[in-house]
Amino acid sequence: ESCEYTCGSTCYWSSDVSAAKAKGYSLYESGDTIDDYPHGYHDYEGFDFPVSGTYYEYPIMSDYDVYTGGSPGADRVIFNGDDELAGVITHTGASGDDFVACSSS
């Protein structure tokens with residue numbers, strides 16, 4: 001497989017992105033959270049996402065395990081309330097608490 005998204009030096013395959021989004025959306029649907037994730041993502045940075053809606057963020061982990069609590073790391077998968085992928089973003093290379101887009105293949 002090749003990288004679907006690259007965040008800093010971390011290469012994520014589509015299966016990694018799908019797994020993180022699936023976990024985040026499952027928690028969103030059930031109204032549950034793990035260490036406050038998923039939570040609303042307000043897109044203060046003004047990304048041009050390919051899908052609309054209310055956005056939510058969930059960690060995507062650089063060790064490729066699905067997030068189950070603890071430190072969320074720098075990278076996030078963004079999805080909407082219809083379980084559509086908006087994108088993958090990262091704190092890596094951004095100032096403060098801002099995000100920048102991960103590069104997509």
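We count from 1, first residue shown onward.
Every residue gets a Cβ built from N, Cα and C, even glycine.
Swiss-Prot lists HIS39 with the feature active site. Under a cutoff of 8 A between CB atoms, and with a sequence separation of 6+ in the same chain, the neighbours of HIS39 (active site) are THR33, TYR56, GLU57.
Neighbour density for GLU57 (active site, proton acceptor): within 10 A of its CB lie 22 other CB atoms from the protein chains shown. The active site, proton acceptor annotation in Swiss-Prot covers GLU57.
The Cβ of HIS91 (active site, proton donor) lies under 8 Å from the Cβ of ALA74, ASP75, ASP97, ASP98, PHE99, each of which sits 6+ residues away along the same chain. According to Swiss-Prot, the active site, proton donor annotation covers HIS91.
Residues annotated as disulfide bond in Swiss-Prot: CYS3-CYS11 (among others). A 10 Å cutoff on Cβ-Cβ distances gives CYS11 (disulfide bond) a total of 17 other Cβ atoms nearby, all chains included. In the three-state DSSP classification, CYS11 (disulfide bond) falls within a strand.
Among the features that Swiss-Prot reports, disulfide bond is placed at CYS7-CYS102 (among others). Around the Cβ of CYS102 (disulfide bond), 26 further Cβ atoms fall within 10 Å across all displayed protein chains.
Note: the Cα of CYS3 (disulfide bond) and the Cα of CYS102 (disulfide bond) are spaced 11 Å from each other. With the fewest other C-beta atoms within 10 Å around its C-beta, CYS3 stands out among the disulfide-bonded residues CYS3, CYS7.
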